[in-house]
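Asker: Straight out of TrEMBL:
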type	residues	note
REPEAT	41-74	repeat 'TPR'
REPEAT	95-128	repeat 'TPR'
REPEAT	149-182	repeat 'TPR'
REPEAT	310-343	repeat 'TPR'
REPEAT	530-563	repeat 'TPR'
Amino acid sequence: MSEIERYQQLLDEANSLLWEGKPSTAAERCRQAIELRPDDPTAWMHLGYALFEANRLDEALDAYVRAEALRPGDVAAMTKIAEIQAALGRTPQAVQAFLKLADRYMELRQPAQAVRTWQLVLRYDPHNERALRNLAEAYRRGNRPNLAARALVTLAKHFIQAKYTEQAIQVLEEALNLTPEDDEARRMLAKLRGETIEEPAPAEGIEHLPSPTEEAAQRALERMAEAFFEQAEKGESEDLSLELKRARAIDLQTRGLLREALQLYTEILQESEPEPELLYNIGILHLELLHYNEAIEFLSQASRTPEYAVPANIALGQAYQRMGQYAEAREHYMKAVKLVDLQAIDRDQADEMIQLYEGLAESAEAIGDRAEAEKITRALSEFLSQKGWEDKLREVRLRLGDLMGEEFAIDAIIDSERSSEVVDAINRIEQYAKEGRLRAALDEYYFALSVAPYSLVLHMQMADVLLKAGRIEQGVAKLLTIADVQIVQGNPRQAMKTLERVLEYAPLATSVRSDLIDLQISHGEIDAALENYLALADAYYSLAQGDLAVDRLQEALRIAPRGSDPTEWQKRIYRKIAHIHSQRLNWAKAAAALEALIEIDPTDTEAAAELTDLYYRLGHEEQARTVLRDVTGMLSRTGKTETALLIWQRTLQQRPEDIELRIAMGEELLAAGKTEEAAKVWEETLEPLVKSGQRAKAAALLRRMIGLKTSDEQRYRKMLAALMRQMRHRD
């Protein structure tokens, strides 16, 4: 065996030991491989991983440092170095390692990965100047001025704490150049300069409620009035004073005497059942009188009823918005939109739609930017204040949602000032594409970009046109750019959908699928990530990179316990590993994978059959028969005797020359009470035994057959007598 073959064998053995949960032994194999080729970074990477799995972090760190020294700029090694430093509690070293990794990503023109890495830096060092400045620049380039400004404001706070006043003033000025409406930055800068800012006086009242909530309030008044007159006509009123109070309260409210009306409604509520229209009306009055906490209390109760769920959530959004609590305001506005959406879609789409809104809420929470939150909340508030906003929502979703996903329809609504122009441009581009006028579609696209240069819906539409026109490489490149922007903008769920679209056209794009897997894991979509691991392994195998395929499947095994059905996922992964090794004629490794599968699920007869076949190929006949006995014994114990016997029969048909297998099958038939069949199977074994010189064994088998008292007992006795004469004659 050559040195390179021995080297590869040692690394293969290390991988097998890792599968078996023996990382320390695997590390020893890696060290032996390193002795053969000390300057090969691959062996050092394997050693680092084995030591990491064995929780020998200091040694693992040394191995990864050596690997990176041998292959400078290897992002896998650099990532592990940073992660291990963090795990060891060496925060300054971890921060420096992550910063170095981010720089490497920028060298590789992977800004999205760099942004993620700078964000990791801030997890360990929230005021790291270099990370904050780099993030601000990345967000600025990604057309996220509010996020860029937020990074600069955070940096300014650090400078203020460190008494670096001039630097703080400089970065605050940069932040205000990006977002002039940022109140926090403006106040901080004024304080540093010794200036004062006049706060706007609170409004005395709300002149006019947005039409949807106003209409709901009017309906509530009408219902209370109708109920009063209906009861009066039927003579059902049990408490005349209560009904008179109700009539008086309605009159006061319609005359604009809100405080007096509210007092009467409150008394009515204390003396009667809490009807939805009464709760909603009291909440609206509190809102108009600027009693925001009280408004929230009553509107929250009203929002639990189907009829007032939408208007009550809009009113709750207004209350929180007036209090400056933009996250809560946005949550209720989005809830109102979601309720209308769920009424307009099929039941089987409801779960997907709910996940969408949860994703949007997560993205909003991740912003951490008061100015950005205020902007989004204000846009939603203005949209929901329009009469007929429900119809507009459905129209925009109809025109944009099918093509670019539900998220883009929501984006178009939030940025409503731009949406009509964008939608019109998309319609024209789509029409040109249908007519086969690609040049006209491109011209329209470039013209539309002059109006809305950062509109992702436009870029997505153009990518779709290019893909449908057969310009796959250009369309895929545009989609990848969109995905990078979505990641930088803090919209990972949109990025995931975009990457999935890329893979529809480029299924062998392994780096794209790897990025998608990372996003899915980081956002808890484990099943989707595992499915993509299997697809990634197929892609690598198709590209004749079997080792990489197996490596990715090993990664999948580590996260399989987090899947919805861990056992099923582990089985699928081990089966895929076995298949790849079998195709490469590496039967020993294929057998090891199937052994692991059967250990997880001893009832998997398909895996048992494959493992039996592999053992025969490897010349391990007794192990093959042991597997058969184990799996068929389990089947027999669970009442599936016929299935067990069929497995024996099928295996025997494939291996008719295996005398021991035939004898073992006879034992199984005998255990199942099939005496005649057992004797016949054994009878077929006699001639091969005699021909192979095993006359004594044949005679012993004949005696057992005679002892079964079958219908052929006399014939078996004659056969035994003849065999004994032959044996004496030879003696």
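Even glycines carry a Cβ here, placed using N, Cα and C.
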Asker: Kindly say whether the repeat 'TPR' (149-182) and the repeat 'TPR' (95-128) touch, using the definition of 3 or more Cβ pairs under 8 Å where each pair is 6 or more positions apart.
Answerer: yes
Asker: Six or more residues out from either end of the repeat 'TPR' (95-128), which same-chain residues have a Cβ under 8 Å from its Cβ atoms?
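Answerer: Sequence-distant neighbours of the repeat 'TPR' (95-128): 73, 75, 78-79, 81-82, 85-86, 134-135, 138, 141, 154-155, 157-158, 161, 483-484, 487-488, 495, 515.
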Asker: When the pLDDT values for the repeat 'TPR' (41-74) are averaged, what is the result?
Answerer: 90
Asker: Would you list the DSSP helix, strand and coil counts for the residues of the repeat 'TPR' (149-182)?
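Answerer: Tallying H, G and I as helix, E and B as strand, the rest coil: 27 helix, 0 strand, 7 coil.
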